[in-house]
Structure formats: C-alpha cells, structure tokens
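For reference, the structure discussed in these notes is given below.
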Amino acid sequence: MVRIIPMASSIRPSLSSLRFTATSRIGVSLASQNPSRKLSLYHFGSAIPQSQCFGLKASKLLRGDGSSMAISAAGNMAQASTNTSQENALDWVKKDKRRMLHVVYRVGDLDRTIKFYTECLGMKLLRKRDIPEERYTNAFLGYGPEDSHFVIELTYNYGVDAYDIGSGFGHFGIAVDDVAKTVELIKAKGGKVTREPGPVKGGSTVIAFIEDPDGYKFELLERGPTPEPLCQVMLRVGDLERSINFHEEVSVAPYFS
Ligand SMILES: C[C@@H](O)C(=O)SC[C@H](NC(=O)CC[C@H](N)C(=O)O)C(=O)NCC(=O)O
Ligand SMILES: [Zn+2]
C-alpha cells in the first residue's frame with residue numbers, strides 16, 4: 001500500500017514565467033580521481049522517449065567491478081551553459097525532450113533533511129510517499145514541479161539513521177545569486193560550511209561548499225537567475241572518456257561537451 005501525502009500545489013509557476021534555456025537542464029559534472037569502490041548514489045532517473053532509446057549496452061561502457069567515477073569539467077566556471085551556442089542550445093531544448101528527472105539517495109532523518117533543504121537551500125517539499133510494507137518513506141524536493149524540474153528524491157529506511165556516503169559522490173551544485181549571504185544563513189541555522197565563499201581555484205566564479213545533515217556536499221555557485229538552480233551532480237570517475245561516451249551515447253546528456 002502506497003500512502004501519498006499531497007503537498008501544497010501553490011508552487012506551480014505559470015509556464016510563461018519560466019525561460020527554458022540550456023541552463024535550465026541539470027548537468028553531470030565529473031572529476032577524474034583515483035577510483036574507489038564506493039558508489040554513493042542510489043540511482044538517477046531520466047526520461048528517454050522510447051523512440052530515442054539507444055541500442056548500446058550500458059554494461060560494456062562501465063567497469064565490471066562497478067567502481068565509481070569522477071570527471072571535472074571545471075574549465076571556465078563562469079560559463080553556466082553548455083559549449084554549444086545559445087541558439088543551438090535553445091533548438092536542442094525545444095526538440096529533445098530527454099532530461100534527468102531525479103536523483104535518489106538515502107538519509108537518516110527525513111524531517112531533519114527536509115527542514116535543512118527548505119529553510120537553508122530554499123527548496124520546496126513537493127510530495128512524500130510512505131510504503132510501510134517495504135519499511136521506507138520517500139520525500140521529493142526541488143525548485144519547481146516535477147514535470148519541469150530536476151528533483152531530489154530522499155529515501156528514509158525505517159530504523160536506519162546513518163549511511164557511509166563513500167568517495168565516489170562529489171557534490172550537488174546549486175546556483176544562488178549571493179553565495180556569501182546564503183552561507184551566512186546556513187551558519188545561522190547551524191549548518192556546516194566546509195569551504196568559505198571565494199573564487200574557485202583556477203577560475204573566477206565565486207563558490208562555497210556546505211554539507212547537509214547526513215554529510216552530502218553541496219556546492220553553492222554564484223550565478224544570475226535561472227529557472228533551475230539545482231544545476232549539477234559531481235561524480236568521481238576512473239576513466240573520463242569512457243564516462244563521457246556513456247553519457248553521450250546511452251544516458252541523456254548528448255549536448256553537454
Ligand atoms: C565545475 C564546478 O562546479 C566545480 O565543482 S570545480 C570545484 C573544484 N573541483 C575539484 O577540484 C575536483 C577535483 C577534486 N580533486 C575532487 O575530487 O573533488 C574544487 O573543489 N575546488 C576547490 C576550491 O576551493 O576551489
Ligand atoms: Zn561543481
């Protein structure tokens with residue numbers, strides 16, 4: 001039996017208020033690093049229309065032992081969009097309906113995480129679903145409705161209050177208009193700041209790193225207004241080209257280059 005707990009529907013913005021550009025898509029940011037065996041993420045959900053599914057077997061692209069991966073596209077941090085021109089990106093957004101839908105990960109206290117994400121990171125609680133016979137509860141949070149925004153799907157397993165995040169997971173990236181102000185708010189709420197605001201090493205964009213109550217890292221990136229502040233997931237990979245091929249051929253990110 002699945003118990004759906006309806007949430008306020010007041011957050012559905014009028015579509016005319018949303019400007020869909022390439023930056024309104026979530027990107028996967030990867031950093032090449034010594035591979036480790038720990039995979040921290042539960043899974044990514046993505047929407048790929050049946051007609052666009054590739055015949056490639058994903059397994060041949062991934063290392064057999066399932067070790068994790070990280071590739072850094074640190075490059076020019078100021079560029080919030082893809083390397084394709086803005087016109088090409090807009091054409092792509094109109095034609096290609098594939099997009100990453102959600103990321104799922106496990107937390108030790110659902111209400112504690114919901115409070116942190118809503119009060120410190122400005123997300124909205126979109127819905128909860130409780131499955132007592134499977135002894136777990138999900139909570140969905142994001143910066144807009146699921147039919148147009150990438151969302152975080154938290155999983156609480158009854159009785160499990162902590163997890164080993166592992167070294168494969170890097171961070172989630174959130175675009176904010178004022179990193180220093182956001183960091184001050186997080187400190188005032190008792191949140192943990194692991195890297196103070198300042199230009200990224202090797203670049204010019206102002207960033208900061210914070211941790212949520214379970215220790216998952218969030219990078220705050222100073223950028224202008226965007227319809228999708230939840231803008232990246234950084235994973236550490238053992239083979240950059242292999243991972244790029246996977247994401248271009250099998251996954252849903254054919255135009256981020
Ligand atoms: C692309 C942008 O969103 C970044 O995240 S770049 C931030 C930069 N990343 C790395 O150094 C990745 C490699 C590192 N060894 C790792 O595995 O995390 C970073 O963290 N810079 C630190 C800083 O203080 O600027
Ligand atoms: Zn990042």
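From the backbone N, Cα and C atoms, a Cβ is placed for every residue, glycine too.
Here is what TrEMBL records for this protein:
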DOMAIN    99-223  domain 'VOC'
BINDING   GLU153, HIS171, GLU219  Zn(2+) binding site
ACT_SITE  GLU219  active site, proton donor/acceptor
If you draw a 10 Å sphere around the Cβ of GLU219 (Zn(2+) binding site), how many other Cβ atoms fall inside it, taking every protein chain shown into account? 21
Can you tell me how many other Cβ atoms are located within 10 Å of the Cβ belonging to GLU153 (Zn(2+) binding site)? 21
For the domain 'VOC' (99-223), how many residues does DSSP put in helix, in strand and in coil? 23 helix, 58 strand, 44 coil
HIS171 (Zn(2+) binding site), Cβ-centred 10 Å count of other Cβ atoms over all protein chains shown, is 21
